[in-house]
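Data block below; observations after.
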Amino acid sequence: MTDDFAPDGQLAKAIPGFKPREPQRQMAVAVTQAIEKGQPLVVEAGTGTGKTYAYLAPALRAKKKVIISTGSKALQDQLYSRDLPTVSKALKYTGNVALLKGRSNYLCLERLEQQALAGGDLPVQILSDVILLRSWSNQTVDGDISTCVSVAEDSQAWPLVTSTNDNCLGSDCPMYKDCFVVKARKKAMDADVVVVNHHLFLADMVVKESGFGELIPEADVMIFDEAHQLPDIASQYFGQSLSSRQLLDLAKDITIAYRTELKDTQQLQKCADRLAQSAQDFRLQLGEPGYRGNLRELLANPQIQRAFLLLDDTLELCYDVAKLSLGRSALLDAAFERATLYRTRLKRLKEINQPGYSYWYECTSRHFTLALTPLSVADKFKELMAQKPGSWIFTSATLSVNDDLHHFTSRLGIEQAESLLLPSPFDYSRQALLCVLRNLPQTNQPGSARQLAAMLRPIIEANNGRCFMLCTSHAMMRDLAEQFRATMTLPVLLQGETSKGQLLQQFVSAGNALLVATSSFWEGVDVRGDTLSLVIIDKLPFTSPDDPLLKARMEDCRLRGGDPFDEVQLPDAVITLKQGVGRLIRDADDRGVLVICDNRLVMRPYGATFLASLPPAPRTRDIARAVRFLAIPSSR
């Protein structure tokens, strides 16, 4: 490999401010060798290694077909619009590059047209968004909905004007030649480097979604960034699920077919109404939102059983009625195919005694999902890798537990892979301090949020905000935010009150804010400099013991003679904590304090595993020392 990473290499010459880093060069060498030998490679690269450039440069130099997959759409967009162009330009790369997302990320012109025709039946706000989207549809080049600023990202119009694998009419669609998904796929087929995300990669490999399936067999190199998310995402795709959103979409499409093309078939409207009603009734039976529970236990309840049977019957009715009008409307024909698919899925979900699977359900305020997930995806993922010879490269800042990658590789069935553990080049002994508070209030006791907020207030105020408070539950997040707002004058931002992107923008522009958040801010958030110099974590992030997926994995581990705590719960929590901690120091000049409000870190034997997996920062139990550390001005 020409040494692109040397002080006088291509990257240093072409990229302003590029500083050579030894761990980055080591990773680039390992990636180059893995590509040349066509063998798997697993790399944990600590924050600040510069892992993106370390895999991009060798991948572009290899002149092979490359798929790069990310855990989040945010990183996918950043790679495609920022990192890839920068490295391509530096290396004078002349190949074609494409971005490909799942089809629900693109505007569907046919569904937009159908909604505009059904306009009078839509609520006013949705109708006004549909009108805005019609005007946007004439301006957009790629139809990527993340680039539309005129309609809010949580607008209820989006599911109506985007397609899913289930409701797409495919080549029968009157808008097929202008279809944004088809254009994006064609571009990806012709490209040398394609940027996708894990959801799309796995959906394609498992479901063989038409079109994209032809793209992957040709790839010589598969690179997974944020690879720590792969095992959980893979388990979703190797299982099956059915959601109320899918059923309500089906009912809507049957209604549109009746109102536009099949006005003589009133039965269609009746069966669509009954399906929508039974889906909503079933959601009401499930109770509180935000809960993930055991489907086997749920279906033992006679009341739920009755609602489930009713759902099954109305789906059956839609299938029978749609069958009578086959061949008269492309929209209804597609709806019939979905009804067939959903009947099969519902049947699988009813057979709750299949061993080797976890059966679970989840509900939000308006919707529910019923799902079955395999307990282990190792064999299936191993099979997948065997079918696709080439280099499989997995990287993330958080793959190891106590300097061991086995937890990650065993979950994906990765064998005989080269592995590399690269520590962060940051000087944590100078840049950071870890504080585990003394005299913490008893968790889950009434008033614990009030006491904790009172303990934390002095350090947050001494730091003039500039703080992330990361919580392990929504309830704690809301309670703490309420306490902070009642007792502090600093701006307190709360996750969920606006979109993630806007919250981050508000946090950065305020310059003295406290952001109280939960899971989605634990990873993939990059705030550099003095804007963020304090990260507080309310407790060690063990997954709730009631979570059916966790329970099932623990049971599977027990049956194999393992220790569920040591092999499942502890490693999962360590990886999550490492992600949260990684929010603090993002640059060589950053300084900050990490506060963990959980005595178990120092009182329980397993605390040592957590500490051994964290960056080597000095530790204290004295909050006054943490306040003094924050008072020292940074070297910026």
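Going from the start of the chain as shown, residues are counted 1 onward.
A Cβ is built for glycine as well, from the same backbone N, Cα and C atoms used for every other residue.
Annotation comment: Swiss-Prot describes 10-272 as domain 'Helicase ATP-binding', evidence class sequence analysis.
Residues or ranges marked as ATP binding site by Swiss-Prot: Ala45, Gly46, Thr47, Gly48, Thr49, Gly50, Lys51, Thr52. Remark: Ala45 (ATP binding site) has Pro23, Gln24, Met27, Lys51, Ala54, Thr395, Ser396, Ala397, Leu422 as non-local neighbours, by Cβ distance under 8 Å and separation of at least 6 in sequence.
The [4Fe-4S] cluster binding site annotation in Swiss-Prot covers Cys108, Cys168, Cys173, Cys179. Around Cys168 ([4Fe-4S] cluster binding site), the same-chain residues at least 6 positions away in sequence with a Cβ under 8 Å from its Cβ are Arg103, Cys108, Val181, Ala334.
The feature motif 'DEAH box' is assigned by Swiss-Prot to 225-228. If you look at the motif 'DEAH box' (225-228), the same-chain residues 6 or more away from its ends with a CB under 8 A from one of its CBs are 42, 51-52, 55, 68-72, 75, 79, 198, 394-396, 398-399, 408, 523-524, 575, 579.
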Requested in this report: Just give the helix, strand and coil counts over the motif 'DEAH box' (225-228), going by DSSP.
Outcome: 2 helix, 0 strand, 2 coil
Requested in this report: State the mean pLDDT for the domain 'Helicase ATP-binding' (10-272).
Outcome: 90
Query raised in the report: If you measure from the Cα of Cys173 ([4Fe-4S] cluster binding site), which of the binding-site residues Gly46, Thr47, Gly50, Thr52 is the nearest?
Result: Thr52
Query raised in the report: Reported as an integer number of Å, what is the Cα distance between Gly50 (ATP binding site) and Cys179 ([4Fe-4S] cluster binding site)?
Result: 37
Report summary line: Same-chain, non-site residues whose Cβ lies within 8 A of the Ala45, Gly46, Thr47, Gly48, Thr49, Gly50, Lys51, Thr52 Cβ center for ATP are Pro23, Gln24, Met27, Ala54, Ala397, Leu422, Ser424, Pro425
**Report entry** Cα-Cα distance linking Cys179 ([4Fe-4S] cluster binding site) and Gly48 (ATP binding site), given in Å to the nearest integer
**Finding:** 40
Report summary line: Taking the centre of the Cβ atoms of Cys108, Cys168, Cys173, Cys179 as the [4Fe-4S] cluster site, the remaining residues of that chain with Cβ inside 8 Å are Arg103, Leu109, Glu110, Arg111, Ser163, Leu169, Gly170, Met175, Tyr176, Val181, Val182
Report summary line: Around the Cβ of Gly46 (ATP binding site), other Cβ atoms within 10 Å, all chains included, total 20
